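Working notes for the structure below.
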C-alpha cells in the first residue's frame, strides 16, 4: 500500500473540505447512509446513532451496546483506552473522490469501540487503494500519536512483543481484510523524526477476493501461541520503503499473536535491501480493516492490547493483557514392547511420554491402556510405564494401545503393539509373502524366511520388511534369534550376522 507522508497521508490524511476534525485538520462532512438509518431504526431508539453533520459526536444503542461518541468526518480521531490508543476514521484513498463512502468510528459505554463503513463504486486509484479505519497504539512515522509511553522504541530493544485481541470482525462484500501493521523509521519519530524504511503488515483475516498470488514462503513462522504465519509478499518496487506482508494461514482472528516471531524471521531474511539494523525505530502497532470498493461492515473491538518487554498498553473493555493457554498434546509413549505373555495375559512396557519439552512425570496426568480399540481402557498413574493385561483368550491375537493424557485432558496419539497369547503352537509358522519359512539348522528358529533352502541376504531383507507383521510378531518362538521372547529389529540384525 502506498502511503506518501509528504503528500496526502493514506492513513491519516487531512482533506481540503470545509470541516475540521479534533486535531485541527480539515475534514469532510458525512451524510447519513440508508443502511445506517435502517440499523438505527431497528434497535427502536429515537436517538440511536443519529448522525450529525461533520465531526460531531452522537449516541445510541446497537446490539445491546450504547454508543457514547461517534465521528464520521474524514480522518476524525477518538481517544480510547484512557489515551493508550487513538481511533482513526482513516479514509485516505477516498477522501477526495466525489462518491464518498459512508465511514464512521465510534466508542461504546462499556469501553469497546470500532468502525463501520459502506463503500460502493468510487474513483479511487484503480489498484491497491483501500481505506483503513483503525486504532493505533503508539505513533505513526509522521503523525497521529496516542499517549502510551511504549512507543517509539528501537527494534534492538524489543525482547517481547505480543498483542491480545478480542474483535468482532463484521466485514463483508468483495475485498477487505483485518490487519495489524507497524512501521520502522531511520530516526526517532514522529514529525521531524525521519523517513519510513519499512512497513510490516500481518493480515489476520481476509475475503477470498483479497489475493496477491503465491506466498514467498508458506508456513514461514509458527509463533509461541501456535499461529502459523505465511510470508505473503515483499514489495520493493512501488514504494519509497520496503513493505512486507504476512498473513495467518488459518484466516481467522486469534486471541493472541507473538509479533516478536515476525521480527526474528525478518532478522534472518536476506532479500531485504535495507536489512533490519537494531537502531531502527518501531513507531507503534495499529489494527484495522482495509476496505476496497463494494465492501461494507461494522467491526467492534472489545480488546486490543500490546505488551512490550513486560509492559502493557490496553484498550477496550478490560485493562489486562489476557493470554489463552497454549494447549499442547503429550507425545505418544514410545518403544511399546511385549515383555512376556501367557495363555490369558500379556505384559507390556513403554518409555515415558512428555508434554512439550517437559518430562512426562511432571506434566502427564495418567496413561490409558486399551485392548483392541475398546474405549474403557485401564488408567495408570503418570509414573507407571508397564502393566499386565489379563483376562485374555488363549491363542488369540490382540492389539494393545497406550496413550498419555495431561492434566488438561489432552490425549496423545496411540502407540500400539500386536501380540498373540500362548496356546497350542503350530508345527510351523505361517507363510510370508506366499512362501513357507524353513528351519535349516534344526534349532527351532526359522532362518530361511523365503523357504529357498538356504539363508541369504534376501531372507534378511524379507524378514526386515515383515518384522512388525502378525505373521512374525505372533510367533516369537520361531523368530526370536536373540532369545528375549519377542521379535524386533534386533532379531533381523542377529539373522544377518549369522550368515
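A Cβ is built for glycine as well, from the same backbone N, Cα and C atoms used for every other residue.
Look at TrEMBL and you will find 1-12 tagged as compositional bias 'Basic and acidic residues'.
Under the heading region 'Disordered', TrEMBL lists 1-32 (among others).
Here TrEMBL flags 13-24 (among others) as compositional bias 'Low complexity'.
Residues or ranges marked as region 'Disordered' by TrEMBL: 316-360 (among others).
Taken from TrEMBL, the feature domain 'Fibronectin type-III' applies to 332-425. For the domain 'Fibronectin type-III' (332-425), the model's average pLDDT works out to 85.
Residues or ranges marked as compositional bias 'Low complexity' by TrEMBL: 337-349 (among others). When DSSP labels each residue, the compositional bias 'Low complexity' (337-349) comes out as 0 helix, 9 strand, 4 coil, counted as helix, strand and coil in that order.
Under the heading region 'Disordered', TrEMBL lists 406-456 (among others).
Here TrEMBL flags 410-419 as compositional bias 'Polar residues'. Within its own chain, the compositional bias 'Polar residues' (410-419) is flanked in space by residues 327-334, 336-338, 341, 346, 348, 350, 353, 368, 397-404, 468, 470, 473-474, which lie at least six positions past its ends and keep a Cβ under 8 Å from the stretch.
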